[in-house]
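For reference, the structure discussed in these notes is given below.
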Amino acid sequence: MRDWSLVSLSVLFGLTARWAVSLSSYSGAGKAPMFGDYEAQRHWQEVTYNLPVEEWYFNTSDNNLLYWGLDYPPLTAYHSLLCAHIAQLINPDWISLHTSRGYESISHKLYMRATVMAADLIVYIPAVLLYSLYFSEGSSKKKVSTMLCMLLYPGLILIDYGHFHVCFPQHWNTYNCVSLGFALWGVLGLALGWDLCGSLAFCLALNYKQMELYHALPFFCYLLGKCTREGLTGKGLTHLLKIAGTVAASFALCWLPFLADPAQALQVLRRLFPVDRGLFEDKVANTWCSLSILVKVKNLLLPQTQLRLSASHTVCVLCLQCIPIVFVSAVHPHTWLFFWLFSVHPHCLCALPVCLLISEIPFMSTWFLQVTTFSMLPLLLKDGLLLPYIVTSLAFLLISITLLSALEQTSEEDLKLKQLFTCRRKHMPWFNAPLLAKSGYILSVLCMAVLSFLSAALSPPARLPDLFPVAISLFSYVHFVGFLIYFNTIHLTELPSKKTEKKTN
Amino acid sequence: MAALTAVSWSCFLTLSIGVSLLKCLLITTYHSTDFEVHRNWLAITHSLPVSQWYYEATSEWTLDYPPLFAWFEYGLSHIAKYFDKEMLVIQHLNHASPATVLFQRLSVILTDIVFIYTVRECCRCVNGRKESKELLEEPAFILAMLLLWNFGLLIIDHIHFQYNGFLFGFLLLSVARLLQNRHLEGALVFAVLLNLKHIYLYVAPAYGIYLLRSYCFTKSAPDGSVQWSSFSFTRLVALGTIVCSVFAVSFGPFITMGQLPQVLSRLFPFKRGLCHAYWAPNFWALYNAVDKALSILGLKLKLLDADGASKASMTGGLVQEFRHTVLPSVSPLTTFICTLVSITPAVLCLWRKPQGPRGFLRCLIICALGSFMFGWHVHEKAILIAILPLSLMAVDNRRDAGIFIILTTTGHLSLFPLIFTAPEQPIKILLMLLFTIYSLASLQRLFRKEGSLLSWLEAVYLTGLVPLEVFCEVVYPLTSWQQTLPFLPLLLTSVYCALGVTYSFFKLYLSMLTEPEGMQKRKDQ
């Protein structure tokens, strides 16, 4: 069959799955007074449409920041404004100031879902198409399989199209497809060698969601490394300056309305990084879900210590990974993707880079993606998304096993562990990596199934109300540590060989 | 000819699990009144003795399927009580608790296993192509995809709500058995099917004639005509025993209770109008449209009396009777005769020169289409009786593939009005695109050496469906016609689709009557 039809079928299939998930029950509904993320998005449309730019980030009589105040970078606000203008054409009640609070109706829900779908179609899906068709390896059939797998990654679908409410205020929201899509465009730009376009796209991602900062360091290191290679005194310097200029210009463009008055810009920053409100600790504790669970279990560490611990942890891991990228020259885009896996952040954000590895290491990436989806189970349960969760996870498992034949790609070669094991083999001849990996995978999938079933079907004992969420977090945490070690290992051991291999291309 | 190797078997499994997962995602979608119909039947069969089943009339949705289907509901009701006991109370009209929805939806998804098994059997009947190396170009794979992922089945069963997958499983299974020359099994399965849903009576002539001609007569004369001396009485008795015993099991209890007239009156209600609430794209749609056009023309030219002209809109969404203004009104008897006339040549052809199981399959499709074209109160869903068996022939030769494309596209599009709620619109359109693009691309690829599937005129006609749909779904709601001409989108869609369906009907007929001998021989080899 011709490629175009397979590609269009995959895209249609991805869209069908997305829309089918978006039909699922509307759980944030009626939960006054705060409602959920859905209401937050609607409220931002209301605020951006009705108030002048200067008031968007300020607490005024018309803009109560305690009620879902805008705390995302300007690009998100502009997006809300655009959506609001369209909403105004359809039904002005949806965004009328004050009176529209907690507005809920079927047609409005449809409208919100449609905006997500539109954003997805414009930003994320084309990037996935381009990436999987031009930058992944293998036959055209394999490329299409990779694409389908990336499009059907359950985590992103469930977060963007399922309905999340008051869990993780600030961090989890719809429209993840936009920021991740822009980040992906950034990767594509760098992969094509268009560094300026790449950095522009990534700046847009940063200006859409400050969470993208997690991804920023590898971008920075990669570009810095490239400039160093060209010679920091001559060509490299101009290149660096050009990139810096692009970044500065794109930031300036995004922040234009707020730059006139320094107070404005400061207020926006304060909203984005609310350090002074003392919320930071809470949120990090939240985000560092697994870690905080450990703390909860042991009940030993104070929140402050915990914060410091997590921060230092991140920095350590980051340094470990970023140092080589600056010094090792001639890094191929594929290789540096490994760098993205730097935090124990068990969510979508680090799922994107792993998505990009699907065609290279299908076994490990699909396993990892499966675990990330599983780690969100407590939240999904709270939102009544059990059915879509089960269906999409099973579908993802099915696709990864049949289309990508993930289970068969467990040889040392496939796992990129060959170098490591050649020296190891002398000492441990009994060590059978494929068998170990395969049985580990099956065991872990079984565990996930059992835990999912238990937490959905049984009510926990009265003494331990959080038993299942804790178990799930712990389970995922163990996996993430394992994956962290694994991806770091292959990253550090694979670099030299990759370098020579890719240079010839 | 087992075209299923180990690889394609795992692929088949993937396809069927994949589509089942998609069905699960559709659990929360809108469901039509058929949902309540089936809930009511669950309640009736569960809480009443058999003697009351066909008399119960608390709900307007009385039991109007044959007894075996009632027994099927009875069986289901014993699982249903573990989900929600409330749904089994007759008085609880429109009971749709989440557990009820889950149970009913899951029952459809799980009984579809029959369909999946059948599709596998059908795939085994397909000739594998030696020259194709790629799995995606394997006819058996394409057939599995066309059947399992059939757009019509997906939206009717899993959004609109009905048990067609399971029933079509029986139909295709009997077809597959006949293709495999296991005639008695085929007859048994078809007899069971008739007692599950009597709409399949439409295709019964094809079965009757084929079994009589090709099974009870063991030999044909050299020129293909009947050799009377080869009649095997034992075969006829075996066939008769099987069919009669199935009917005896099903209707026997009601005959002994003396309820047969009551059961039959429930099964064949002739009170309903010529056309169903939404017009099926058949001959009567064209007939009504011509009548409408003539009456408007007549009013303009002052040839008709304005008071006499019935202003009733035929597609107001209710099952209602409709009097024609200019053309003569149509009675059930007329439609019956028309149907009979339309299928007679095909049946005669099957009798005079049977062309093996393939000839039977063609005749079956013509019977289904003929009754769809001329039947009384035809549901647009009935087009599936033609579409699904036609899939079997579409992967076999190019001409049928072309007919298949036209018939499925128009037939499926005419199903669009069934799903009218806003949240389901994107799903409907996406699934339709998925199926249409897949069938076009894969069949074109399969027969790429034999030229294009569609002539330019057919291609233009099919492309015309896009602006038509855009007009009906997007432009029309914005215009003032919504008040003055409420039936316009349905009328346009059904008339436009009726053209395609009629065209494929005639094309299919032509291919049956003129099937060249050479083609026939090639297939027998």
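Every residue gets a Cβ built from N, Cα and C, even glycine.
TrEMBL entries are annotated by machine, without manual review.
Record features (TrEMBL):
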- B:139-156: transmembrane segment (TRANSMEM)
- B:186-212: transmembrane segment (TRANSMEM)
- B:233-255: transmembrane segment (TRANSMEM)
- B:333-351: transmembrane segment (TRANSMEM)
- B:363-389: transmembrane segment (TRANSMEM)
- B:401-422: transmembrane segment (TRANSMEM)
- B:429-447: transmembrane segment (TRANSMEM)
- B:485-506: transmembrane segment (TRANSMEM)
Fill in: the transmembrane segment (B:186-212) versus listed stretches B:233-255, B:333-351, B:363-389, B:429-447: most Cβ pairs under 8 Å
B:363-389
Worksheet entry | Contacting positions for the transmembrane segment (B:401-422) when only residues 6+ beyond its ends and CB under 8 Å are counted | 30, 32, 151-152, 155-156, 159-160, 278, 280-281, 369, 380-381, 383-384, 386-387, 390-391, 393-395, 428, 432, 435-436, 439-440, 443, 446-447, 453-454, 458, 461-462, 465, 469, 489-490, 493-494, 496-497, 499-501, 503-504, 507-508, 511
Fill in: For the transmembrane segment (B:363-389), distant same-chain residues with Cβ under 8 A (at least six beyond the ends)
147, 150, 152-153, 156, 162, 164, 168, 171-172, 175, 199-200, 202-203, 205-207, 209-210, 270, 272-276, 278-284, 319, 332, 335-336, 338-339, 342-343, 346-347, 349-350, 404, 407-408, 411-412, 414-415, 417-418, 494, 501-502, 504-505, 508-509, 512
Worksheet, complete the sentence: Long-range Cβ contacts under 8 Å made by the transmembrane segment (B:139-156), restricted to residues 6 or more beyond its ends, are 3-4, 8, 11-12, 15-16, 19, 22-23, 26, 115-116, 119-120, 122-124, 126-129, 162, 164-165, 168, 172, 381, 383-384, 387-388, 391-392, 394-396, 408, 411-412, 415, 418-419, 428, 431-432, 434-436, 438-439, 442-443, 446
